[in-house]
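Below: the structure, in structure tokens.
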Amino acid sequence: MKKNFIVANWKLNGNIQTISNFLNHLRLKISLYLQNNTVVIAPSTIYLERVYNYIKDMNIFLGAQNVDINTQGAFTGETSILMLKDIGAKYVIVGHSERRFLHNENNELISKKFGLVKSLNLIPILCIGETETQKKKNKTKEILTNQLNVIFQDFGEKAFINSIIAYEPIWSIGTGISADPIYVQSIHKFIKDYINKYNSSDIEKIIVQYGGSVNSKNAKNFLEQPDIDGLLIGSASLMYEEFLKILKISNDILCK
Ligand code: PEP
């Protein structure tokens, strides 16, 4: 049965008190909304284990926001995939636009991270998306296929099995300007068809979620689209009331 895949990306936010408060409130209601949702919380690295200890009996999953391409050694300040696996992470976001732009991560580096996550049987959430200028120049599809092709080249036609794709138009992340759900639907269909060309047998299993200024007011419009399989949520995932509202909306849509 289809479930929506909902990820809370907390970015560089939160502290011990706010995280405890959020998760205590989530605990009270979460079981009501898990029938049709797979829920992932991705806190900042320093709080990963703390969050895991809260959520491990709640049927929700731990995600990391980033990983290094090295697994151990003299790499000061980095986090290894072995460590993420060791402390209970199941998902790792790779290629978030904030990492692409603020930390100069290119498609090749992101592909390495993608492969590394999969090699340890964790699940990468690959973020892809176009800038505003690229959209205006009608280059969206070209940019997305470039971002996908690097992964195909490195890992072959079955590269996207057991992975998630997050379509995040960069102009809509953290701006309060969400994309038009009909536009997003068409892009998700394009992404699925593109992957399907290589790997038709597994198309049903490909999860493409949308991210970009999602909140409880617009979530329904996205989730009603047939090829939007979930949401990657930044700001709105920091407030438990708002996050729970989105989970309820998502759950109810699939109950119909
Ligand atoms: C994100 O962090 O990927 C994101 C979509 O953020 P926001 O929901 O704040 O736009």
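Even glycines carry a Cβ here, placed using N, Cα and C.
HIS96 (active site, electrophile): 27 other CB atoms within 10 A of its CB, across all protein chains. For HIS96, the entry in TrEMBL reads active site, electrophile.
On its own chain, GLU168 (active site, proton acceptor) has HIS96, SER97, CYS127, ILE128, GLY129, TYR210, GLY211, GLY212, LEU232 as residues at least 6 apart in sequence with a Cβ closer than 8 Å to its own Cβ. The feature active site, proton acceptor is assigned by TrEMBL to GLU168.
The substrate binding site annotation in TrEMBL covers ASN9, TRP10, LYS11, GLY174, SER213. Of all Cβ atoms in the shown protein chains, 17 besides its own fall within 10 Å of the Cβ of LYS11 (substrate binding site).
GLY174 (substrate binding site) is surrounded by 13 other CB atoms, counting those within 10 A of its CB over all protein chains shown. DSSP assigns GLU168 (active site, proton acceptor) to coil in the three-state reduction, placing it in neither a helix nor a strand. Among ASN9, TRP10, LYS11, GLY174, SER213, the residues given in the record as binding substrate, the maximal Cα to Cα distance rounds to 14 Å.
Here the binding-site residues are ASN9, SER213, and the one ringed by the most other CB atoms within 10 angstroms is ASN9. Its Cβ placed at the centre, TRP10 (substrate binding site) has 22 other Cβ atoms within 10 Å. Highlighted in sequence order, ASN13, ILE173, ILE233, GLY234, SER235, SER237, LEU238 have their Cβ within 8 Å of the centre of the Cβ atoms of ASN9, TRP10, LYS11, GLY174, SER213, the residues recorded for substrate, and are not part of that set.
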